[in-house]
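> What follows is a single structure, and I will ask about it in a moment.
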Amino acid sequence: MGPVFAVVLVFVGCCSNVVFLELLVRDFPGCGNIVTFAQFVFIALEGFIFETNFGRKKPAIPISNYVIMVTMFFTVSVINNYALNFNIAMPLHMIFRSGSLIANMILGIIILKKRYSASKYLSIALVSAGIFICTIMSAKQVNVSNEGSEDQGFYTFMHWLIGIAMLTFALLMSARMGIFQETLYKKYGKHSKEALFYNHCLPLPGFLLLSTNIYNHCVLFSQSTPTLIPGVELTVPIMWIYLLINVITQYVCIRGVFILTTECASLTVTLVVTLRKFLSLIFSIIYFQNPFTTWHWVGTAVVFVGTLLYTEVWSSVRAALRGPDAKEKKAE
C-alpha cells in the first residue's frame with residue numbers, strides 16, 4: 001500500500017500544485033522566492049511538531065549529512081523557482097526539468113562508475129533531443145515576441161539564456177542530490193519523514209538573503225483582488241489563497257516523493273515524477289492555453305518515449321502480466 005499511496009500523493013499533489021503555481025506566476029512572475037519560502041516554512045513547522053516532537057527526537061542520520069543535502073536541496077528549489085523571472089514559460093520549465101534522467105545517468109557514470117545498455121543510451125539521446133527541440137522552439141518564440149526593437153530583443157533573449165543556464169545547473173544539482181540521498185539511505189536506513197523535515201528546516205536562515213524580495217511580494221499579494229471565503233465570511237486577497245493552496249499541495253506532493261524514495265528504486269521514482277510532469281504539462285497547455293507549437297508536441301513526445309525506454313517500463317509491464325511464473329524464473 002505504501003508505494004501505491006505515495007504515487008497517488010505525487011500525482012494529485014504535484015498536478016494541483018502546478019495549477020496554483022501558474023496562477024501565481026501569471027500575475028507576479030517574480031514570486032518564486034515567496035512561494036519557496038512559504039512551502040519550506042509549512043513543511044518545516046509540520047515536521048517540527050509531528051516528526052521531531054518539538055525537537056525532542058534525535059535524528060537517525062547525522063546532521064552533518066543533512067547539511068550537505070540541504071545545501072543542494074535549497075539551491076535547487078530557489079534556482080528552479082527564480083528561473084521563472086527570466087522569460088521561462090511554464091511548459092518549457094516543466095519539459096526542461098523532465099531531463100532529470102539525463103542528469104542522473106551522466107552523474108551515475110562519473111560518480112558511481114556505472115555502465116548502461118545500448119537502449120539506455122538511446123533513451124537518453126531521445127530525451128536530450130526532445131528537450132533540445134522544445135528549447136529551440138521556445139527560443140524562437142522569445143525572438144518573435146521582441147521583433148520591434150533589436151536591442152530589446154537581444155536583451156530579452158540573453159535574459160532567457162540565463163534562465164536556461166539556471167535550469168541546467170539545477171537539473172545537475174538535483175541529480176547529484178539524488179545520488180547522495182541514495183547512499184545515505186543505504187548506510188543509515190530509510191527515514192523519509194526525518195529527511196523531509198531537515199531538508200526544509202535547515203535552509204530557512206538562507207531566506208534572509210531573499211528577505212527584500214519576499215517582503216515586496218507580500219505587499220503585492222496583499223494588494224491583489226479581495227475574495228470572500230464561503231462559510232467564514234472572511235475577505236482575503238486572492239493571491240494569498242492561491243499561495244496557501246499551493247503550499248498544501250506542494251506538501252502532499254513532496255511527501256509522496258519522499259515516501260517513494262524509501263519504498264522504491266531511484267529509477268522508479270524518476271519515472272513517476274517524469275510522468276507526473278508530463279500530465280502537468282498537458283494540463284497547463286490546455287487549461288491555461290500556453291503557446292505550444294507542433295514542434296513542442298513533437299519534442300514532448302520524444303521526451304516521453306525516451307523516458308519510458310530508459311525505465312524499461314514495457315518489460316516491467318510484461319513481467320507483471322506474466323505473474324508468479326516470471327518471478328520464479330527471475331529468482332532462479
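In case you wondered, yes, glycine gets a Cβ from its N, Cα and C as well.
Since the structure is predicted, the reported quantities are computational estimates derived from the model, not experimental observations.
Pulled from TrEMBL, these are the listed features:
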TRANSMEM  37-54  transmembrane segment
TRANSMEM  66-84  transmembrane segment
TRANSMEM  90-112  transmembrane segment
TRANSMEM  124-142  transmembrane segment
TRANSMEM  154-175  transmembrane segment
TRANSMEM  196-215  transmembrane segment
TRANSMEM  235-254  transmembrane segment
TRANSMEM  266-288  transmembrane segment
TRANSMEM  294-313  transmembrane segment
> Between the transmembrane segment (37-54) and the stretches 90-112, 154-175, 235-254, work out which stretch tops the count of Cβ pairs under 8 Å.
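Checked against 90-112, 154-175, 235-254; highest Cβ contact count belongs to 235-254.
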> For the transmembrane segment (196-215), find every same-chain residue at least 6 residues outside the stretch whose CB is under 8 Å from a CB in it, and list them.
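Distant contacts of the transmembrane segment (196-215): 30, 33-34, 36-37, 39-41, 43-44, 47-48, 51-52, 59, 63, 66-67, 69-71, 73-74, 77-78, 254-255, 258.
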> Ranking 66-84, 154-175, 294-313 by Cβ pairs under 8 Å to the transmembrane segment (90-112), which is first?
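It is 154-175, which has the most Cβ pairs under 8 Å.
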> May I ask you to check whether the transmembrane segment (154-175) and the transmembrane segment (66-84) make contact, with contact taken as at least three Cβ pairs under 8 Å and only pairs 6 or more apart in sequence counted?
yes
> Looking only at residues six or more beyond either end of the transmembrane segment (66-84), which have a C-beta under 8 A from one in the stretch?
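Those are 25, 29-30, 32-33, 35-36, 39-40, 59, 90, 93, 97, 163, 166-167, 169-170, 173-174, 176-177, 180-181, 184, 195, 198-199, 202-203, 206, 210, in sequence order.
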